[in-house]
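Accompanying notes for the structure given below.
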Amino acid sequence: MAMLFRDKHGPLSRVKALLHSPRFNCVAAGSRVQARVISTKDSESAERIGAINVSKWKKLDSRCVGITSSMIPRYALSVLSVLRRAGFDAYLVGGCVRDLLLKRIPKDFDVITSADLQKVKKQFHPRCAQIVGRRFPICIVRNKGSIVEVSSFKIAEVKNAEVGEKIHLPPCPRSCSVKDFTRWRDSVRRDFTVNSLFLDPFTHTIYDYNNGMEDLKSLTLRTLIPAKSSFKEDSARILRGLRIAARLGLEIAEETENAICSLSSSIKCLRQDRIMLEMNYMLSYGAAEPSFYLLWRFKLLEFLLPLQAAYLDQTDGHPSFVSSSMLMKLFSNMDKLVSCDQPSHSTVWIGLLAFHHALVCCPQDAQVVHAFASILQFGWKEGIEFARTKANYRVHFVPEISELPPEYEMSELEMRVGDLASLVKKSVIILSNPTILNESMSRYPVHSSPGLVFVSKKAARDVQGIFHVLVEQSYNGGHDSKINKKLPRQIGSLLGQIILETMSDGAHVGMETLELERGEHSKVIMDKQSDGVALIDAAVARAHHRPKKLHGKAMVDLAIEQQVRLGSRDVSRKRTILGMKERQDRGQEIRASWRKENEASENLTEKPRPPKMQKTISGNRGQQ
């Protein structure tokens with residue numbers, strides 16, 4: 001699978017240029033700064049013992065590739081310093097080093113040390129350090145309101161000894177130090193090459209034993225060991241790999257891609273809480289839309305969220321139709337509001353899935369949906385007023401939004417909002433109850449996959465509580481003006497904002513031609529690249545498209561309807577654009593005349609202020 005970047009001067013392109021720059025390649029002819037290779041082995045004199053290729057071992061100066069100590073937060077440096085003062089080796093490892101090289105904000109900072117976990121725990125206050133995990137234990141250190149996960153080289157040695165028959169690690173070569181061999185032995189048990197880098201921020205050294213830097217140059221995601229063996233060892237790496245590729249815009253190596261396709265069904269063997277953890281990492285950290293697309297493209301969504309997979313399959317499998325669907329628009333607008341350093345709660349994406357499924361099962365008027373979202377964001381009274389006066393009801397999402405909304409009275413609109421909230425509450429149950437999920441799949445007889453249920457009942461109850469507030473207030477006439485205070489952690493406000501932004505996007509769908517839609521899709525791709533999220537471009541995805549599935553007569557009718565609609569768009573393109581320009585000019589004239597009238601009335605009614613008041617106001621402005 002390949003990623004296509006249209007923005008030649010965007011942030012990702014600049015990062016890629018940096019990674020291909022001479023100073024990153026350790027050859028800086030004509031450059032002021034030369035990346036100093038602290039230690040490397042020539043390929044001619046390389047020692048090969050078993051699977052060890054010492055010629056690939058590199059140590060680079062981190063300052064010459066753009067990593068400085070100021071980029072590492074104090075809480076992580078503090079943990080490293082404590083372990084160093086106690087006489088242990090300690091390094092930053094994994095995704096944080098990768099993200100720092102790509103000029104991204106890391107999701108977290110992981111530390112690995114030569115001390116065993118009991119000694120790590122003794123270096124910190126008992127309340128601040130706790131050892132968790134059975135299969136791969138780590139020590140969680142809480143420092144200055146943040147969490148650092150500390151692992152141990154010795155744990156890796158024990159685990160390698162337990163499965164030594166499978167790994168066959170060779171002994172330490174004579175020409176390399178014990179520390180180098182220890183770091184290499186830990187790196188080969190990791191999942192992807194770009195996650196196998198070590199960073200010592202005190203000596204400004206990056207340790208690369210598996211050509212991780214080379215894969216970062218080409219923005220390629222590749223497993224450390226053969227992909228099929230890696231995914232059979234831990235099938236959660238499939239979800240993790242798609243998440244990394246979606247968030248960083250990485251290409252997936254051909255071998256890795258083929259292994260994902262052939263072993264996608266192995267995720268059914270994962271525990272419920274493990275799937276929930278990986279899905280939350282995918283959807284809550286600013287890369288929900290591309291992650292969702294990759295899950296659907298690799299047919300993993302059929303196991304994880306079969307209802308949503310069936311919905312996307314009905315979009316004819318074309319990337320432009322998929323990206324303009326309401327479901328993908330919801331996640332796209334959520335990505336604009338959350339990021340790695342400010343992630344959302346899992347109840348947000350669960351609520352969005354339930355909200356969308358409720359609309360698919362029972363389409364609603366745009367006015368009702370606007371009122372529903374406005375109440376979540378602004379409160380009951382302000383939300384109803386906004387929906388009745390300022391909302392745009394020409395929204396074109398099929399089948400979620402019905403056409404030609406009627407004019408509701410206040411009481412009737414309130415009841416409609418309560419009915420929609422009840423539908424969303426019922427849709428939440430589908431995500432946490434396998435029996436109800438299988439019953440709901442009867443809407444799509446072609447999709448026989450029963451699907452997994454990984455949303456816990458507690459999480460489902462939390463999401464239901466958000467919409468239960470709307471149900472109560474609709475029956476009480478909406479007299480509670482402090483509705484948002486009853487919603488946990490302002491989640492309701494975030495949900496409302498996402499839905500309103502999506503409805504605003506849908507207001508333009510029916511007014512643009514196919515060419516304009518594709519241009520807007522390209523703009524979205526470039527905007528995503530600037531935020532650290534890259535979508536698969538339509539031209540590339542067309543070469544890797546999923547097989548088209550015609551679901552009986554309904555899909556044939558849909559294909560005919562699409563052809564007719566595209567032809568009518570081409571005919572009315574000029575007329576539509578002229579009408580938009582006329583309305584825009586008329587609106588500018590009205591606003592200009594309104595400003596003149598207001599300025600004239602203010603000049604007539606303005607009174608001189610006392611000198612003392614003028615002095616106070618100017619003083620306040622100066623302080624601000």
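Any Cβ shown, glycine's included, is placed from N, Cα and C.
Where the annotation comes from TrEMBL, it is an automatic prediction and has not been curated.
Annotated features in TrEMBL:
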| type | residues | note |
| --- | --- | --- |
| COMPBIAS | 582-609 | compositional bias 'Basic and acidic residues' |
| COMPBIAS | 615-624 | compositional bias 'Polar residues' |
| DOMAIN | 90-221 | domain 'Poly A polymerase head' |
| DOMAIN | 249-311 | domain 'tRNA nucleotidyltransferase/poly(A) polymerase RNA and SrmB- binding' |
| REGION | 582-624 | region 'Disordered' |
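Helix, strand and coil residue tallies for the domain 'Poly A polymerase head' (90-221), in that order: 46 helix, 35 strand, 51 coil [DSSP]. Residue counts for the domain 'tRNA nucleotidyltransferase/poly(A) polymerase RNA and SrmB- binding' (249-311) under DSSP, split into helix (H, G, I), strand (E, B) and coil, are 47 helix, 2 strand, 14 coil.
Restricting the average to the domain 'tRNA nucleotidyltransferase/poly(A) polymerase RNA and SrmB- binding' (249-311) gives a pLDDT of 93.
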